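In what follows, a structure is listed as structure tokens, so that the remarks can point back to it.
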Amino acid sequence: MQVIAKAQQAEGAVGQAGASRGIGREGPSLFDGVDLHALAAQVSTPCHAYSANAIRERIAGLQSAFQGLDHRICYAVKANSNVAILQLMAHHGVGADIVSLGELNRALLAGIPAEHIVFSGVGKTTEEIASALAVGVWRFNVESLDELQLLQEVAQRHGVCARAAARINPDVDARTHEKISTGKSENKFGVSIDEARRWFANAGSMSNVLLDGLHAHIGSQILELEPFREALTRVEAFRRELVDAGHPIASVDIGGGLGVCYRKGVDHPIPAAEYAGLVRVVFAEFQGTLVLEPGRYLVAEAGILLTRVIRVKPGVDRSFLVVDAAMNDLLRPSLYEAWHEIVPLVGGDREPARYDVVGPVCETGDTFARGRAMARCEAGDLLSIGSTGAYGASMASTYNSRPLAAEVLLDDGRYAVIRRRQTMAEMIAGEQLPQVWNET
Ligand SMILES: *Cc1c(COP(=O)(O)O)cnc(C)c1O
């Protein structure tokens with residue numbers, strides 16, 4: 001975890017005993033060997049920076065935890081869909097879990113082979129199914145009877161056979177934020193085991209769908225093994241039942257959801273080896289391929305959002321640190337009340353202070369932290385917001401007409417811009433004054 005250590009060293013400038021570290025404006029604040037002050041000066045802020053080595057470590061860690069098991073990792077593209085990140089995944093043999101044609105295009109462009117791509121999502125349209133069949137994705141994770149019937153129809157029309165897995169809603173509480181919980185019966189995802197049982201019973205009547213897989217994804221940012229144990233045990237019991245009833249199952253997709261550390265000392269992620277250990281025990285009798293769909297786990301802690309203080313605004317009972325990143329660059333705090341470490345990359349000689357860290361967007365919800373203790377800051381100071389590699393840039397918008405931030409990939413002391421900052425012209429490209437008024 002050398003890269004992480006470097007990142008923490010940079011972040012530790014204030015978070016812990018900053019005074020003794022001597023990391024300041026003049027000294028380097030290194031992330032994957034890159035000096036963040038120089039980076040911010042060259043690329044400007046706000047800017048998402050990702051450590052290639054941290055991502056590689058996560059991939060390798062998961063791969064080694066599952067070594068010896070017939071498995072495939074299909075990275076959940078929505079966590080961070082930058083093509084360069086996807087290419088990094090492709091280079092390490094990681095496939096993709098996609099939920100739209102946009103993600104399919106990105107994955108293929110990045111060099112992820114179609115046969116390593118699984119297609120999830122409750123709202124697949126005729127067009128999406130047709131396109132995915134045309135390029136030959138590995139499998140569809142089917143979430144409703146209507147979708148299953150549509151898949152049969154479209155596959156028949158195209159004269160191909162679609163591979164499908166039934167997404168089971170195992171009705172377990174993932175004990176995570178309600179907005180990222182997906183495996184309770186009240187959630188829109190998947191179908192009950194009772195319904196899936198009927199699908200398999202009728203599977204023989206589908207000429208162009210091979211229904212031979214199971215899928216379950218119960219939520220995101222899961223920090224306890226127990227919900228996984230409950231869900232996977234149910235899936236495995238159902239799999240055995242299906243096999244006994246004459247329905248062979250070639251693949252079981254256990255979804256994503258592995259949590260990461262946003263708040264040191266508070267979030268204790270499940271070690272990959274423990275997760276793999278559970279999977280080995282639960283699926284000891286399963287002969288097919290296990291599919292993993294990690295998103296956050298592979299990229300979250302590999303990313304930081306660099307932002308600069310625009311000004312310090314004293315309030316009646318608190319001080320606001322107004323920074324140049326906003327909820328449009330990182331939505332998680334506004335959407336989920338998510339905690340992200342915020343570390344001023346300043347010298348260790350600053351006094352302690354407490355701030356509400358806010359962006360310039362005209363919303364009270366545009367708040368990264370409330371009453372956060374950190375070093376005293378002044379205009380121009382550089383801050384690092386931690387663990388923003390997942391659901392950061394991929395959830396970004398241009399709200400308040402703020403162009404999308406730049407993204408850079410860091411690798412052993414070098415960096416490459418993997419998304420240049422959007423220009424004003426690019427932001428409004430596609431918009432036009434009414435030129436032709438059409439009759440419908
Ligand atoms: C979002 C999602 C994932 C990834 O979730 P993480 O918590 O980022 O690992 C995996 N599978 C499906 C079906 C998803 O919707």
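Backbone N, Cα and C atoms are what each Cβ position is placed from, and that goes for glycine too.
Within the same chain, residues at least six positions away from Arg296 (pyridoxal 5'-phosphate binding site) with a Cβ under 8 Å of its Cβ are Ala76, Ala79, Ser220, Gln221, Gly256, Leu258, Gly259, Val260, Ala390, Tyr391. Annotated pyridoxal 5'-phosphate binding site per TrEMBL: Gly257, Glu293, Pro294, Gly295, Arg296, Tyr391, in sequence order.
According to DSSP, Arg296 (pyridoxal 5'-phosphate binding site) is assigned to a helical segment. Annotated substrate binding site per TrEMBL: Arg296, Arg332, Tyr336, Glu363, Tyr391, in sequence order.
Taken from TrEMBL, the feature domain 'Orn/DAP/Arg decarboxylase 2 N-terminal' covers 54-300.
Of all the Cβ atoms in the protein chains shown, 21 others lie within 10 Å of the Cβ of Lys78 (N6-(pyridoxal phosphate)lysine). Annotation comment: TrEMBL describes Lys78 as N6-(pyridoxal phosphate)lysine.
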Kindly point out which of the binding-site residues Gly295, Arg296, Arg332, Tyr336, Glu363 have a C-beta less than 6 Å from some atom of ligand 1.
Gly295, Arg296
Taking the domain 'Orn/DAP/Arg decarboxylase 2 N-terminal' (54-300) alone, what is its mean pLDDT?
96
Using a 10 Å radius on the Cβ of Arg332 (substrate binding site), the other Cβ atoms enclosed count 24
Just to verify: the residue among Glu293, Glu363 with the fewest other Cβ atoms within 10 Å, which of the binding-site residues is it?
Glu363
List the residues of the same chain that sit at least 6 positions away from Gly295 (pyridoxal 5'-phosphate binding site) in sequence and have their Cβ under 8 Å from its Cβ, in sequence order, or write 'none'.
Tyr75, Ala76, Val77, Lys78, Ala79, Asn80, Asp97, Ser220, Gly256, Ala390, Tyr391
Apart from the site residues Gly257, Glu293, Pro294, Gly295, Arg296, Tyr391, the 8 Å Cβ neighbourhood of the pyridoxal 5'-phosphate centroid comprises Ala76, Ala79, Ser220, Gly256, Leu258, Tyr297, Leu298, Ala390
